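Asks: Provided herewith is a single structure, encoded as structure tokens, for subsequent inquiry.
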Amino acid sequence: MASILLRSCRGRGPARLAPPRAASPRGSLRDRACLSCTRTLGLTSRESVLSRCCTPAHPVYLCFKGEPLSCWTQRPECQGTAARTTWTPASARLVVTGPQYLPVRGWHSSSPLGEDSVIEKSLKSLKDKNKKLEEGGPVYSPPAQVVVRKSLGQKVLDELRHYYHGFRLLWIDTKIAARMLWRILNGHTLTRRERRQFLRICADLFRLVPFLVFVVVPFMEFLLPVVVKLFPNMLPSTFETQSIKEERLKKELRVKLELAKFLQDTIEEMALKNKAAKGNATKDFSAFFQKIRETGERPSNEEIMRFSKLFEDELTLDNLTRPQLVALCKLLELQSIGTNNFLRFQLTMRLRSIKADDKLISEEGVDSLTVKELQAACRARGMRALGVTEDRLKGQLKQWLDLHLHHEIPTSLLILSRAMYLPDTLSPADQLKSTLQTLPEIVAKEAQVKVAEVEGEKVDNKAKLEATLQEEAAIQQEHLEELKRASEAVKDIQPEVAEATLPGRPGPEPQPPVDDVILPSEVLTDTAPVLEGLKGEEITKEEIDILSDACSKLQEQKKSLTKEKEELELLKEDVQDYSEDLQEIKKELSKTGEEKYIEESAASKRLSKRVQQMIGQIDGLITQLETTQQDGKLGPSQSTPTGESVISITELISAMKQIKHIPEHKLISLTSALDDNKDGNINIDDLVKVIDLVNKEDVQISTTQVAEIVATLEKEEKIEEKEKAKEKAEKEAAEVKN
């Protein structure tokens with residue numbers, strides 16, 4: 001377990017009439033739906049749909065005081081007339097790579113803006129309920145049900161069933177955790193989905209058997225030096241230094257830091273226990289989903305708004321089908337060709353950018369935007385932007401911000417509702433209801449477990465088991481698709497070409513040229529321009545790893561522990577925030593006299609104590625390393641300058657050339673994309689965040705997309721700093737008031 005540690009539609013052809021097909025309900029997503037252009041048939045049961053626009057409309061960009069909107073692609077809307085040839089997959093280049101066995105990088109993945117832990121969601125839910133009660137607004141209250149007393153035999157059967165599913169869950173979790181741990185120890189990289197599954201499984205194991213904290217965690221800490229010796233691939237080779245003592249200390253620091261972060265994430269994943277909870281939230285969610293899926297009965301608006309919050313972006317995107325992913329990419333004008341992981345990565349980054357922009361727009365005010373800015377904002381969110389009045393643009397943007405920021409409806413659900421092209425006359429609640437009907441069954445299972453955790457109710461072992469098995473099946477399916485892509489890539493190599501390249505084997509004898517007789521009337525000339533895409537600017541997985549190694553070497557040369565210190569400070573902030581959230585939850589429950597019923601689990605308390613001990617050990621290791629470096633090569637006159645995390649483009653290019661040869665033009669293109677202010681310098685810590693974000697996904701991106709990722713991360717950091725400053729000011733004001 002200690003090893004998880006290292007956390008680790010371009011151009012389009014003309015519209016053609018489709019053959020007669022069965023009628024489908026309005027708002028349904030067809031596999032052949034092209035949602036970037038309403039001229040394409042198959043969206044609804046209609047046989048002819050007018051184009052949204054007949055002239056090219058180049059995208060405009062929304063800017064707030066020098067903070068531009070990032071955009072993945074820049075292309076005009078399709079035209080209603082000019083099209084000489086039909087688009088074919090051959091016009092786009094799809095790069096497929098096989099499985100790569102790479103060392104797990106010691107970098108923490110960038111967390112999306114606003115991603116909350118279970119305890120933070122519980123706190124938000126309590127605050128929302130109390131606020132509505134104080135304001136006298138509508139609060140969801142389930143219908144009163146007559147409590148039926150169970151017989152003794154029924155109670156015994158329920159308990160036996162509960163423990164049966166609990167032991168099954170424990171056995172399956174243990175098998176999955178052991179398999180993932182073995183993959184990590186052998187140098188394999190866990191995907192984002194696998195890491196999330198591993199984190200949840202560890203939280204389940206500690207929840208089911210709290211005594212494991214006393215056995216597993218100290219045992220892991222004791223065996224860390226042995227594991228590092230037996231499994232050298234667990235750490236990147238760039239940890240090798242001239243000083244054996246310094247190398248040992250750095251490895252120990254890296255592993256302890258990542259282990260402490262992982263344990264803190266596990267603590268935050270474990271829900272609180274509410275002794276007064278009667279399981280109503282789980283039953284209410286089951287009844288709600290049964291209404292919209294089976295009976296056809298319309299739930300109340302309060303139910304729809306309440307349960308829609310559970311379908312978070314990550315949960316929704318990870319379980320959408322490929323036709324739905326393609327439809328969303330086309331709606332948001334993203335590349336719709338590639339693997340499912342690539343499409344999800346594109347959508348995730350776009351949704352993160354939209355979420356950051358929503359907060360900026362809300363801060364500046366919708367009324368302060370110009371018409372072009374309103375059109376750009378609406379178009380980026382999949383809403384109609386052309387041929388409507390300014391008041392209409394402001395109205396639909398204000399409605400979006402109200403649903404997203406005030407009602408906390410996930411961005412993925414809002415985008416998916418736009419992709420279905422539902423009538424504008426439908427209310428937001430009805431649009432969300434229609435959207436929830438299209439989600440796969442696995443999403444409902446995950447949301448059912450989540451609602452129990454947020455409300456502090458007893459988690460149903462059967463529901464948890466079903467969700468775990470479904471997620472494991474999805475992970476295995478991804479592995480099969482990866483192997484299939486690798487085998488197809490091997491088949492593309494012609495056997496004759498492979499044999500001709502063998503040493504000592506003569507090549508094929510040249511055949512005499514044969515002139516073909518071509519009749520003039522049979523010659524077909526294609527006058528359409530060739531779509532080149534991003535050829536020459538793609539960044540492969542191997543090049544990402546080379547860039548990662550170069551950053552590690554540069555950090556080693558600078559003898560910098562800035563990254564470790566920053567991660568330790570973030571870990572301390574997480575621990576403090578967790579403690580403050582616990583106190584706030586008890587404070588909110590004290591308003592209704594229920595604070596005595598809420599308690600932290602025994603495993604969570606034990607893990608918290610262990611994390612506090614590890615933080616003290618990490619502080620000691622950092623102090624020891626700094627002392628070693630000062631006693632070694634770094635003297636008083638050779639101290640590291642103030643801007644130690646800033647490197648020049650020339651340094652980065654030289655470091656990458658030392659590892660492996662990369663074409664000069666690609667190096668220049670990549671470094672230019674990373675240098676957003678064009679001053680010739682790059683912050684190596686920011687570069688590490690981008691590498692870590694891309695390295696966790698098995699995708700290949702372009703240098704343009706790298707620049708957009710940098711812009712998105714910068715926006716998120718600015719917003720996070722503003723929110724922290726605002727929270728600090730509110731706390732100080734509350735302390736002064738008290």
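Count begins at 1; order follows the chain as displayed.
Keep in mind that glycine also has a Cβ here, set from the backbone N, Cα and C atoms.
Features from Swiss-Prot:
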- ASP675, ASN677, ASP679, ASN681, ASP686: Ca(2+) binding site (BINDING)
- 115-135: coiled coil (COILED)
- 247-283: coiled coil (COILED)
- 445-492: coiled coil (COILED)
- 537-626: coiled coil (COILED)
- 707-738: coiled coil (COILED)
- 662-697: domain 'EF-hand' (DOMAIN)
- THR191: phosphothreonine (MOD_RES)
- LYS596: N6-acetyllysine (MOD_RES)
- 719-738: region 'Disordered' (REGION)
- 115-207: topological domain 'Mitochondrial intermembrane' (TOPO_DOM)
- 229-738: topological domain 'Mitochondrial matrix' (TOPO_DOM)
- 1-114: transit peptide (TRANSIT)
- 208-228: transmembrane segment (TRANSMEM)
Asks: Mind checking which of ASP679, ASP686 has the fewest other CB atoms within 10 A of its CB? They're the binding-site residues.
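Replies: Looking at the binding-site residues ASP679, ASP686, the Cβ with the fewest others within 10 Å is that of ASP679.
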Asks: I'd like to know which of these recorded positions, THR191, ASP675, ASN677, ASN681, is least surrounded, judged by other CB atoms within 10 A.
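Replies: Fewest other Cβ atoms within 10 Å, among the recorded positions THR191, ASP675, ASN677, ASN681, is found for ASN677.
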Asks: Could you say whether, by DSSP, ASP679 (Ca(2+) binding site) belongs to a helix, a strand or a coil region?
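Replies: Where ASP679 (Ca(2+) binding site) sits, the three-state DSSP reduction gives coil.
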Asks: To test your reading of the Ca(2+) site: which residues beyond ASP675, ASN677, ASP679, ASN681, ASP686, same chain only, put their Cβ within 8 Å of the Cβ centroid of those residues?
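Replies: Not counting the recorded site residues, we get VAL646, LEU674, ASP676, LYS678, GLY680, ILE682, ASN683.
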Asks: When the Cα of THR191 (phosphothreonine) is compared with the Cα of each of the binding-site residues ASP675, ASN677, ASP679, which one is closest?
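Replies: With Cα distances computed to THR191 (phosphothreonine), the winner among ASP675, ASN677, ASP679 is ASP675.
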